[in-house]
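**Q** Shown below is the structure under consideration.
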Amino acid sequence: MKIMFLGNDTVEIKDGRFFIDGYDAIELAEKFGTPLYVMSEEQIKINYNRYIEAFKRWEEETGKEFIVAYAYKANANLAITRLLAKLGCGADVVSGGELYIAKLSNVPSKKIVFNGNCKTKEEIIMGIEANIRAFNVDSISELILINETAKELGETANVAFRINPNVNPKTHPKISTGLKKNKFGLDVESGIAMKAIKMALEMEYVNVVGVHCHIGSQLTDISPFIEETRKVMDFVVELKEEGIEIEDVNLGGGLGIPYYKDKQIPTQKDLADAIINTMLKYKDKVEMPNLILEPGRSLVATAGYLLGKVHHIKETPVTKWVMIDAGMNDMMRPAMYEAYHHIINCKVKNEKEVVSIAGGLCESSDVFGRDRELDKVEVGDVLAIFDVGAYGISMANNYNARGRPRMVLTSKKGVFLIRERETYADLIAKDIVPPHLL
């Protein structure tokens, strides 16, 4: 199959129509209704295997373990998480709910890491009882709570420490996490991170296993990863000088994807070369650790498409508006981050036109793209919004009392419904009316 769209290996235009994994997108829209999320099983497999292939050198050259811990925040649909678990993928969870899904997905406990800057006691209990690989500790108060909770349970909790390296990830400020001004991590320069680890070593119910770092999301430049890796390994050397040995280095996630189809960005191989080459420079100073990464977007984003049907077209003095039945409640990224997503008409026409694509919500920010060149759009056409497999359905909501959409999985075994559309009854299922209003 010829790759027609950068980053999207399993789609093509055939006989004037858009196909995903060999399935006609227009027919999928007709069968399952719109708006509709379509996830490509084959693309997820391709993306995961690119990580494994790129980082196999780590295990070959160091004899240490390499773990991909999928960031469930990107898309925690149970079919997606089970697919990745079957491939051998671990889990990066940030809530009790995500841990619950990871266990339902049969992810081995020793491949689960628990992130987040405000873990509750209930979540810590869940993690300890699940015997997860590590809590990535974000504060001294959290460390104290983990130790106290483990004591109450009569167990020992494995902990790694999330450090803040003050690295500029060169990404959108709302998804930057590794600068001093960000809320995440323990500061290294001031000595807080070292203090926390030394405190942990004096505690009876925690076991220090590693160092963690995550500097941001949608990084399209390798240099911040190199700086992050260097600063983490410098800290590992400092720990060694204090007589502290660690088993795991977790460098988080963040590798970007090509939302713009005319812009090449770093690959998993580029990331692997940068990280491995940097870490190996320290092999004479410290024993090489197990290596953990937490990709989310780069595993599932390019596997997802949001199909929306055109219901109305409106000409204004400024633009030609195309109104589709998908909205910002279904996919928040353009409204929240002013994010770009490639959009096409699923039916190829002989004529092009410039249009703006919007949803039907009562918000001026409910716009998927402005002044885009598409094949001529008519009422009834189906548009495909690309690269929505991450932070699409996971950020969907019920604004304007709209139900979240269906999701299907395309695979070599067929097309499977993996999330049902919410009904009007679902919208009020958790509401309770007091007796005096009945």
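Note that Cβ sites are derived from N, Cα and C of the backbone, with glycine treated the same way.
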**Q** In Swiss-Prot, which of these is labelled N6-(pyridoxal phosphate)lysine: Lys73, Lys198?
**A** Lys73
**Q** Select one of Ser141, Ser190, Ser217, Ser356: the residue that Swiss-Prot places in the pyridoxal 5'-phosphate site alongside Gly254, Glu294, Pro295, Gly296, Arg297, Tyr391.
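**A** Checking Ser141, Ser190, Ser217, Ser356 against Swiss-Prot: the pyridoxal 5'-phosphate site match is Ser217.
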**Q** So which other residues, same chain and not among Ser217, Gly254, Glu294, Pro295, Gly296, Arg297, Tyr391, have a Cβ within 8 Å of the centroid of the Cβ atoms at the pyridoxal 5'-phosphate site?
**A** Ala71, Lys73, Ala74, Gln218, Gly253, Leu255, Ser298, Leu299, Ala390
**Q** Any idea of the Cα spread of the substrate site, Arg297, Arg333, Tyr337, Glu363, Tyr391, as a max distance in Å?
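**A** Binding-site diameter by Cα atoms for substrate: 27 Å.
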**Q** Consider the recorded positions Lys73, Arg333, Tyr337 and say which one has the Cα lying nearest the Cα of Gly296 (pyridoxal 5'-phosphate binding site).
**A** Lys73
**Q** Across all chains shown, how many C-beta atoms besides its own are within 10 angstroms of the C-beta of Tyr391 (pyridoxal 5'-phosphate binding site)?
**A** 26
**Q** If you count other C-beta atoms within 10 angstroms, which of the recorded positions Lys73, Arg297, Arg333 is the most crowded?
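**A** Going through Lys73, Arg297, Arg333 one by one, the largest Cβ count within 10 Å is at Arg297.
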**Q** Write down the Cα-Cα distance for Lys73 (N6-(pyridoxal phosphate)lysine) and Gly254 (pyridoxal 5'-phosphate binding site), rounded and given in Å.
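**A** Gly254 (pyridoxal 5'-phosphate binding site) and Lys73 (N6-(pyridoxal phosphate)lysine) have their Cα atoms 13 Å apart.
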